[in-house]
Amino acid sequence: MFRTAARRLLGAGFTTSRLLRLPKPRPTTIIPYSYCTSSTESPIGNQSVNPNQSDTAREEGHRRDESSRKPRAEFEEEQARVLAASLRHVPRLGWTEEAMIAGSRDVGVSPSIVGSFSRKEAALVEYFMDDCLQLLIDRVDSGLDLQNLIPSERVSKLVSIRLEMQIPYMSKWPQALSIQAHPVNVPTSFKQRAMLVDEIWHTVGDGASDLDWYVKRTVLGGVYSTTEIYMLTDDSPAEYRDTWAFLDDRVKDAFDLKKSIQEAKYFAQDIGAGVGKSFQGLMNGVMQTMSTRGGRSSAF
Amino acid sequence: MALRSISRRFGSRVLSYRSSSVASLHSHATSFGFQQVKEEEKSKLVGNVFTNVASSYDIMNDVMSGGLHRLWKERLVGKLSPFAGMKHLDVAGGTGDVAFRIFDAVNSVKRRALRKVDEDSLEETQIYVCDINPNMLNVGKQRAAERGLGDNKALVWVEGDAEALSFDDNSMDGYTIAFGIRNVTHIEKALAEAYRVLKRGGRFLCLELSHVDIPVFKDVYDLYSFKVIPNLGELIAGDRESYQYLVESVRRFPPQEKFATMIADAGFEKVEYENLVGGVVAIHSAIKL
């Protein structure tokens, strides 16, 4: 499901002006939310049942995808090929048109094709993000062992796998982040991150619904972004050891946050009850004094 | 509408003047504005038009479009995204507007600063300006000399026909035609030639006056076209007929969607178009794959 959604993102930039020579638009009914509702059918607390159910749901989703997915137009294939070739030049040339021109020469296509990408450098960054998401899904599908880990450790592991994919490009990653932050590019980059976070939570075995679903994704989004930024300035030995420690701490905080919110809720209730009782007592006292005083005065 | 009957009357007056050619019409007729003429005649008639207008072409462009044509050409070149070392062909680009802009874009200071030491950038940028009318080319060469580019090897002025280009197959990275394709007798041939000379991955860009569909604006535009422009032509260029031909040829040109289909039929991929000023001008773009 995410694969077609990811491919759809690649196509999103091409629909701004009217297009011919394109197969009929793919059905766009597949969204992250629908995925979640299928997995909420399993009881929330039951961890062992969850993965099985989600697997069958995903299989079904895939079968649906195969039948509904139309072949990609030739120019989309060509553009994807150019972008893939361009990635090899990014560590040297950055996320720029020059990298894309070099990539197009590698594929054997005129560099003019770079002009046909709607937002040039952003197209390259977005392609990379989609590619990484796809690799993550493949990694998970091909049997990543998460059974023996508690949820917070699962989240840590998935986030670290995803962030490791950026290591080859780390010298130019700040540029990619700034490209993603451009107002024009924000909608797409936000969507990609939302999908990533959703995928991670789903793999972890999330059984949330309604408000909790949003809270979880927002919190994980925050954890992911802060770790990503921390990684930019991390030059600890042994492959970013400090970053992973930072990540583990943040994930623990996030999980603790949930407990803290619960505790805060109970605390507030208690206080409310206490204050209410004492206020009532106060009022009773006041009424009593007033009535006795009143009584005394009436005796005059 | 009153306007149309006026233009028809004017058109028919011109038609009777050219009755000799019209009388011998056979199945291969084409349009020259609102007239029907023989195909062989059309390129001669167009040639005459542009010989007449060549000297005042740029001024008239400015006056007719209120200076907007510069912005349209900027947009065209922006879409092209020129790069150093590119081989570009600008067809019907007589006075060199588009070619100069591409040259500037490639050689701008920013680009030179960004250019990394790369084997490929040692390839020379070549911009070919092709036009069927030598008068227009001469005006272009003059303008180049004024800009100090008279001897620059990057700009090459070639006389040629859009329907039968003298360039090799798969030799061009980019092909632009600005306000020229409606003057071509066989649009399909020009498109086929464009497809032939472009490399794989090369881009085709066409800037052309096109059809307006927006209700009230359409009428304003028609009024402006048929009332104001021929009079301007008479005033400034001393040639009403040529500018009458111009506005008529715009109406006869296929609308955006139809033209896009024709481009796709020539073999291009990713055919798109963008309307500027509500459809007064449209930029069609496509890739050869």
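Each Cβ is built from the backbone N, Cα and C atoms, and glycine gets one as well.
Listed in TrEMBL for this protein:
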BINDING   B:Thr95, B:Asp131, B:Asp161, B:Ala162  S-adenosyl-L-methionine binding site
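Locations of recorded TrEMBL features on the structure.
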| residue | record | CB count, 10 Å |
| --- | --- | --- |
| B:Thr95 | S-adenosyl-L-methionine binding site | 24 |
| B:Asp131 | S-adenosyl-L-methionine binding site | 27 |
| B:Asp161 | S-adenosyl-L-methionine binding site | 18 |
| B:Ala162 | S-adenosyl-L-methionine binding site | 23 |
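Residues B:Thr95, B:Asp131, B:Asp161, B:Ala162 are the ones the record ties to S-adenosyl-L-methionine, and the longest Cα gap between any two of them is 16 Å. Taken residue by residue with DSSP, B:Asp161 (S-adenosyl-L-methionine binding site) is part of a strand. Under the DSSP three-state reduction, B:Asp131 (S-adenosyl-L-methionine binding site) is assigned to strand.
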